[in-house]
Amino acid sequence: MAVDLLLGLQWGDEGKGKIVDVLTSNYDIIARFQGGPNAGHTLVFNGKKHVLHTIPSGIFHEDTINLVGNGVVIDPVIFKGELDKLAEQNVDYKKSLVISRKAHIILPTHRLLDAASEASKGKAKIGSTLKGIGPTYMDKTGRNGIRVGDLELSDWQERYRSLADKHESMIEFYDAKIEYNLEELEAEFFKAVEVLKTLTFIDSEEYVYQAQKSGKTILAEGAQGSLLDIDFGTYPFVTSSNTTAAGSCTGLGVAPNQIGEVFGIFKAYTTRVGSGPFPTELFDEDGETMSRVGNEFGATTGRARRCGWLDLVALKYACQVNGVTQLMMMKGDVLSGFKTLKVCTAYKYKGDVIKHFPYNIDPENIEPIYTEVEGWAEDLTEMSDASQMPKALNDYIEFLEKELEIPITIVSVGPDRKQTIFRDK
Ligand code: GDP
Ligand code: IMO
Ligand code: MG
C-alpha cells in the first residue's frame, strides 16, 4: 500500500492534529517524519482537549500503531511529559508507540544553545520555540548527534558528556548571558531517558517497508507547515527540517514512488507565530476578530499568532511543492460574520504583478492584490453535512478550488472531532 501524507500548507497550526485524529480510523499506522516538540497538535473529543508535541496524533485510537520516524528529533523530557499525560488518560502507549533508532535526541544543551543563538540575534531573532530544534538538526547534519539507537550502547553517556561539554563552550562563545543549572537539567534528562528506554525502538524503515508489503495502511503526519520548510519556506524565518512532502521520504525511509494521497491542510485565513514576512497580515479589527474568535494562541508556547487574509499565491506554491491531491479547509467557522472576505490572488512585486511565490517576500517588495468575496453570517459550528453549508461558504470553497485546481474534500467547522464536514471530490 502507498503511504498517504498529511501536510500543513501555511506557517503551521493549520489543524493537522485534529484531522489526523479524524482520519486515523482509516489507517493502521500513523507516522511522524520530521520536527519535534516545536510542534503542538491539538485534538478535541468527548469534551476534552489534548495537545501532542512529538507523539503522533493517532495515539488515542487503540488499534493504531504510532511511529516516531528517523527524521524526528526527540526531547526525552518533553516526551516523558507527553507519556505521563497519556497514562492519566489510560492510554496503553507501550503497546502502540514505536520509535526509530535513527531519530536524534535533543540534549538539554541543545535547548540552551537555541536560547543563546536567539538572544545573540537581537531583533533579527527567528522567534524559535526554543526547544533546541535548530541545534539538534545542526548536530545531525554536522555528524555529531546522538541517536535513539545510541542509548542501547554501553558508551553512550561518554558520548553525551563530550557533546554536552562542546555545547557549553559554544554557549560561552555566544556571550548571551544565559543562566542555567546544567546539573539539574541533566538529572531530569537522564531520568527521562530511562523512561524512553522502556519503549520499543525499531529499525523503522524496515518496519514501514514490511508494513507496506503486507498491505497495512500508513498516514504520515507532517509538523509545522510548508512555509516553514528549511528549503522552501521564508528563510531564515523557518524551522530546521523539510516539512514538505519530500521530507516524508527521508524522514521515514519511504521511496518517492510509494507516496499515495497528499492531503494539504490550510486555514480559511492565515496565521503565523514567530518572526518573518507575512504579506497578508492584518493589524486592524479584522485581524483582531480572527485572533479572538479563532483563539489564535500557540499550542506549544502560548504566544499570540499573527493573523491575516488567505494568501492564494503562497497556498498555490505549497500545493505545487507538495503535489497536493486533496485539500482540507479548517476554521471556516471563524470567518462567520465577516461581510466580505479578502483573498490575495497576486502580488505586486517591485512594480510588476506576479502570481508566483518569489525569493523575497519582505514587505518592502510585496503588496498583496486582493479579490473580494461575499462572507456568510451563519454559525457553522453545529453543521455536519455539506448540504447545510450556506451559499456564500460554498462559493468561497468553489472559488478556492478553481484557483488552486484541487478539490477541497474536508471543511472543518470547529475544534471537535465531530465538527468535520466531508465533501465529495
Ligand atoms: P496543528 O499544529 O496543525 O495540529 O494545529 P494546532 O493544534 O496548533 O492549532 C489549531 C487550533 O485550532 C487548535 O486549537 C484546534 O483545536 C483548533 N481547530 C482546529 N480545527 C478547527 C476549526 O475548524 N475551527 C475552530 N474554531 N478551531 C479549530
Ligand atoms: P505545528 O506542528 C507554528 C515556528 C516558530 C518559529 C520558527 C522556528 O504545531 O504546526 P523552531 O522552534 O523550529 O526553531 O522555530 O518556526 N514554528 C511553528 N509555528 N506551528 C508549529 O508547529 C511550529 N514549529 C515551529 O514559531 O517562527
Ligand atoms: Mg500547532
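Start at 1 and count along the chain as shown; that gives each residue its number.
Cβ coordinates are placed from backbone N, Cα and C, and glycine is handled just like the others.
When other Cβ atoms within 10 Å of the Cβ of D13 (active site, proton acceptor) are tallied across all protein chains shown, the result is 27. Annotation source TrEMBL lists active site, proton acceptor at D13.
If you look up TrEMBL, you'll see H41 marked as active site, proton donor. Its Cβ placed at the centre, H41 (active site, proton donor) has 26 other Cβ atoms within 10 Å.
Sequence annotations record features per position, and here TrEMBL assigns active site to K140. Over all protein chains present, the Cβ of K140 (active site) has 19 other Cβ atoms lying within 10 Å. K140 (active site) carries a helical DSSP state (H, G or I).
Annotation comment: TrEMBL describes 12-18, 40-42, R305, 331-333, 412-414 as GTP binding site. With a cut-off of 8 Å between CB atoms and residues at least 6 apart in sequence, the same chain places G15, G17, K18, K49, H50, V51, A299, P415 near T42 (GTP binding site), listed in sequence order.
Around the Cβ of N38 (IMP binding site), a 10 Å sphere holds 29 further Cβ atoms from the protein chains shown. According to TrEMBL, the IMP binding site annotation covers D13, E14, G15, K16, N38, A39, G40, H41, T129, R143, Q224, T239, R303.
Among the features that TrEMBL reports, Mg(2+) binding site is placed at D13, G40. Long-range Cβ proximity for G40 (IMP binding site), meaning a same-chain Cβ under 8 A and a gap of 6 or more residues, is found for D13, V51, L52, H53, G298, A299, T300, T301. In the three-state DSSP assignment, the secondary structure recorded for G40 (IMP binding site) is coil.
Long-range Cβ contacts of R303 (IMP binding site) within its own chain (separation 6+, distance under 8 Å): V273, G274, F297. As annotated by TrEMBL, substrate binding site applies to A299, T300, T301, G302, R303, A304, R305.
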For this session: Have a look at the binding-site residues A304, R305, V413 and say which one has the shortest Cα distance to Q224 (IMP binding site).
Result: R305
For this session: Among the binding-site residues listed here (A299, A304), identify the one with the smallest other-Cβ count within 10 Å.
Result: A304
Seminar exercise, completed: For ligand 3, the recorded positions of D13, G40, T42, A299, R303 whose CB is under 6 Å from one of its atoms are D13, G40, A299
Exercise. Cα of G302 (substrate binding site) to Cα of T129 (IMP binding site): how many Å, rounded?
Worked result: 10
Seminar exercise, completed: With the fewest other Cβ atoms within 10 Å, the residue among the binding-site residues K18, R305 is R305
